[in-house]
């Protein structure tokens, strides 16, 4: 399939998703395409328009100018940041802060900068804990924060407090206020100091005691983007953040020693670790790791470069297999490697696909790194499967069982479908000089943030400052 055709298809898919959102759910967080109405949900507190904020950069880079202008106008006139309600610090950061930052850096519109600095300030009270590890939920109006009821013993979650770094460093850049960088550096300092089982980072940590709460380790949900933000912090710092580099390659070593497995059928996967016992399952969310290991291949030990590229390709291949082995050619939420079938979901509760981007994300990175045509072929397979099974009359919807051809739709067009899935598809079939990886780093919601380059004079000033401290 020629790149230009598929690129055109991904633009059409975006326009179709957007037009239906605009028609039936404008200003709400997400479109419910079967019932043709909007969904607000409780993840973002009182914030609205998640699909709008998540789409700004996608619309802009796809050249959907009219749609982008509608979105911009909504942000200008209708995005209300004075909201009460319980918001996920993590979700608000990656979608709203990330989306507004990317929109500002791509367009230079001051309005986005003003909005994101206003929002950033409202997130700071979450860090008022004995350790400085933020709690997961914050009321943006009152500033009170608390831990998720379901997280064990009031703990904070690695992937949540570990996925603030890129955005917060940029908040300090734009505001000139070092407090944001200080908050995330403090998290990192604590993680460096604390004892890690086998060098691994468990998923739950107490914001009160600063100790791990249970020894569950996962590269999928609960852990995933912490690791991603280590290597990306290093890359976004123009490769000056040596601490992020050291932590990333240290974590990779522990992951390879303890979690990376090969199935009897020859598939490489990342198992989960529960107090020393391996659970041989991999979540769709963990499929981002092919791309992560790929972009991290260049800066580890030189003799490991090819090893990392091979590992990245193997994991991406396994994730592609999870798609190939289903009737719909879309992958399940989680797949297992024990009990017969490999790279397939055994439990009914793991068989759904909610328009997730992680597998396509890895295709995009692997294409950029290797230009092996198979990654574009795999991307085209995903486009065909999305069009066949997820497109409904008024938008795109997740499906409840990837193993059956009679689709049962979940009636939700996730905002990350517009932000990530369609953007990564578009980039997979675009030239490498559109958002080149040496100049841009994508946050975990696929919002591009620029690499921060310091001039020599600036560097010396910073060095003088740190040596005098």
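Yeah, the Cβs are placed from backbone N, Cα and C, and that goes for glycine too.
Here's what TrEMBL has on this protein:
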ACT_SITE  91  active site, proton donor
ACT_SITE  224  active site
DISULFID  287-319  disulfide bond
ACT_SITE  333  active site, proton donor
ACT_SITE  358  active site
BINDING   444  Ca(2+) binding site
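Between the alpha carbons (Cα) of the residue listed as 'Ca(2+) binding site' and residue 358 (active site) lies a span of roughly 10 Å.
Neighbour density for residue 224 (active site): within 10 A of its CB lie 25 other CB atoms from the protein chains shown. Looking at 287, 333, 358, 444, the recorded positions in this record, the fewest other C-beta atoms within 10 angstroms of the C-beta turn up around 333. Counting only residues at least six positions away in the same chain, the Cβ atoms of 282, 284, 287, 290, 331, 358, 359, 362 sit under 8 Å from the Cβ of residue 319 (disulfide bond). Separation of the C-alpha atoms of residue 224 (active site) and residue 91 (active site, proton donor): 14 Å, rounded to the nearest whole number.
Cα of residue 333 (active site, proton donor) to Cα of residue 91 (active site, proton donor): a span of 19 Å. Residue environment of residue 91 (active site, proton donor) contains 20 other Cβ atoms, counted within 10 Å of its Cβ in all protein chains.
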